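Asks: What TrEMBL lists as active site is 285, 344, 367. Annotation comment: TrEMBL describes 407, 409, 456, 461 as Ca(2+) binding site. Residues or ranges marked as domain 'Transglutaminase-like' by TrEMBL: 277-370.
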């Protein structure tokens with residue numbers, strides 16, 4: 001408290017603030033009405049555009065005829081009113097929306113209770129409060145600065161906030177749900193794992209605001225969700241700003257944590273904060289997405305993790321995925337820099353877009369995985385899904401890249417004898433399938449492909465593709481015709497091959513003509529990073545296939561001995577087929593990604609679950625491989641059940657079973673999930689989850 005006065009005899013004319021009660025406890029009215037009572041701790045956490053209460057303890061009863069009082073809220077390094085980082089809040093008789101104002105709503109002796117209104121465009125972040133009182137003579141001023149800060153967040157419950165979301169069930173899912181589901185694998189073999197977002201856990205709000213501070217961006221820009229998601233998209237990865245997570249797709253994680261071993265964001269963000277901003281090793285796309293969901297939900301922006309299967313990575317803004325072949329139709333690996341990832345995980349965020357034409361608000365694609373730069377920085381989005389669906393790729397931000405991820409055509413080019421290339425084939429329906437996110441209010445997978453693109457093969461979808469291509473680097477792509485009386489398709493039975501067994505696929509040719517056809521087929525199977533990057537070729541074959549009218553199927557088998565010891569991370573493989581129909585010179589070409597399924601960890605709760613009461617859980621696993629798993633690590637965690645627990649299991653022999661019982665003492669009641677993951681050099685992506693209903697103490 002600071003008091004300025006002309007003389008010792010006059011200071012009593014100023015009503016001095018002895019203390020301020022921000023009513024910040026989790027159980028108090030402020031936190032409950034602002035939907036922030038789930039955040040750990042007793043700080044005052046508010047959502048903008050909404051009133052909150054505080055008590056002032058004065059040196060004497062407040063006299064509105066002679067006493068003057070106003071509040072000041074400051075954020076950032078150099079608070080200024082024009083920049084929105086300094087709010088001067090006057091005392092008024094009646095509060096009005098869209099204004100910083102305060103009103104006395106209750107008086108009890110020397111105490112007054114204020115209702116304070118914030119504006120729906122307020123800068124988010126940490127505010128410092130000052131209560132300024134003065135007498136009739138302005139020179140006499142008392143300033144009281146409470147020790148506790150005020151945290152301001154976005155407000156999806158406020159109609160005037162840019163992140164307003166109308167449906168309560170959606171707000172519960174996309175803002176308040178602290179656990180979710182991430183999808184991976186291939187479009188034929190969709191896998192799922194549970195992820196602890198943990199945005200309300202102890203230290204998370206401080207860690208998330210630390211991420212913004214480390215970006216070095218001015219606080220004056222923190223009122224716009226568009227700006228915030230661009231900052232977060234850049235800061236979750238590490239290449240150009242020492243952000244939260246360092247990416248690693250090499251397969252060697254010996255000096256960090258394997259991306260597949262993480263099962264939540266809390267440890268990652270706490271490590272980054274505690275380390276003073278040192279990037280955490282290591283992550284891949286699902287880790288970047290999971291951490292992004294945590295940060296943005298924590299800050300109040302509705303967010304979900306989204307997986308796109310057969311996700312293209314366009315490197316030259318052509319809005320096509322280009323495959324280059326030599327004169328013999330063999331792939332030219334040195335030129336094939338575009339790729340199709342088996343899956344890629346990014347985020348959707350909900351907000352209005354006043355910076356764009358009407359109709360572009362709603363879900364926006366945001367990607368924190370460092371792939372291509374945007375305005376000189378590794379970040380992507382927000383790109384409006386409405387613009388992507390219609391091919392309006394000229395709108396901000398990064399629509400061309402995201403459009404290519406979900407709806408680019410795959411163009412095959414053959415090298416001519418003079419070194420030029422000719423377009424020989426176009427696969428129109430190969431990219432952007434089963435775009436998936438967790439459903440609202442359940443653990444089911446929700447397919448949102450229809451939000452990103454028109455129905456595959458429809459006239460509307462073709463118009464969107466051709467509209468987008470006009471803004472790419474190869475606008476002439478769609479002038480080349482191709483014959484289509486013979487087609488080829490690769491399929492697998494059921495859920496696909498298991499790790500440790502032979503992989504069997506079916507190649508089906510359809511001859512739509514009434515005449516005999518034959519094709520000289522080139523096939524190549526390669527080990528792939530899930531990003532679509534080639535690691536090693538396992539086998540090449542060339543064979544002639546006779547094609548009578550109608551359908552012809554050929555069985556294709558990859559022996560376990562061929563891929564043993566060659567796989568990485570996601571156990572991803574790609575079969576590339578190419579050939580020319582002898583009678584018509586039509587070119588056939590396709591690529592088929594598949595993975596070898598890994599077994600689940602089985603988790604079985606033992607005993608009744610109640611807060612403060614000991615229970616147990618049995619975790620079991622059987623090694624499916626014909627050789628020993630070395631140096632196996634087990635990781636278990638569960639929000640409200642137990643903190644992250646890492647266990648060195650050791651070696652597990654071929655076909656041997658492992659079982660372990662862990663003791664758990666729940667700390668929170670209600671429906672909870674217990675997660676476990678198993679990791680070793682020979683086998684990754686082994687995880688399990690079980691629901692636990694915890695009773696009250």
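Residue 1 is the first one shown; counting continues down the chain.
Here the Cβ of each residue, glycine as well, is placed from N, Cα and C on the backbone.
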Asks: DSSP helix, strand and coil counts for the domain 'Transglutaminase-like' (277-370)?
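Replies: For that range the per-state counts are 15 helix, 41 strand, 38 coil.
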Asks: Which of these recorded positions is closest to residue 367 (active site) if you go by CA atoms: 285, 407, 456, 461?
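Replies: Result for residue 367 (active site): the nearest of the recorded positions is 285.
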Asks: Hey, how far is residue 461 (Ca(2+) binding site) from residue 344 (active site), Cα to Cα, in Å?
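Replies: Residue 344 (active site) has its Cα 22 Å from the Cα of residue 461 (Ca(2+) binding site).
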Asks: With residue 344 (active site) as the reference Cα, tell me which of the binding-site residues 407, 409, 456 is the closest one.
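Replies: So, of the listed binding-site residues, the one sitting closest to residue 344 (active site) is 407.
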Asks: Which residue among the binding-site residues 409, 456 has the fewest other Cβ atoms within 10 Å of its Cβ, if you could check?
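Replies: If we count Cβ atoms within 10 Å for the binding-site residues 409, 456, the smallest count is at 456.
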Asks: In this structure, which of the recorded positions 367, 461 has the fewest other Cβ atoms within 10 Å of its Cβ?
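Replies: The recorded positions 367, 461 were compared, and 461 has the fewest Cβ atoms within 10 Å.
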Asks: Taking only the Cα atoms, work out how far residue 407 (Ca(2+) binding site) lies from residue 285 (active site), in Å, as a whole number.
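Replies: Counting only the Cα atoms, the answer is 19 Å.
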Asks: For a quick check of packing: other C-beta atoms within 10 Å of the C-beta of residue 285 (active site), how many?
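Replies: Other Cβ atoms found within 10 Å: 28.
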Asks: Could you give the Cα-Cα distance between residue 409 (Ca(2+) binding site) and residue 285 (active site), in whole Å?
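Replies: Here the two Cα atoms lie 23 Å apart.
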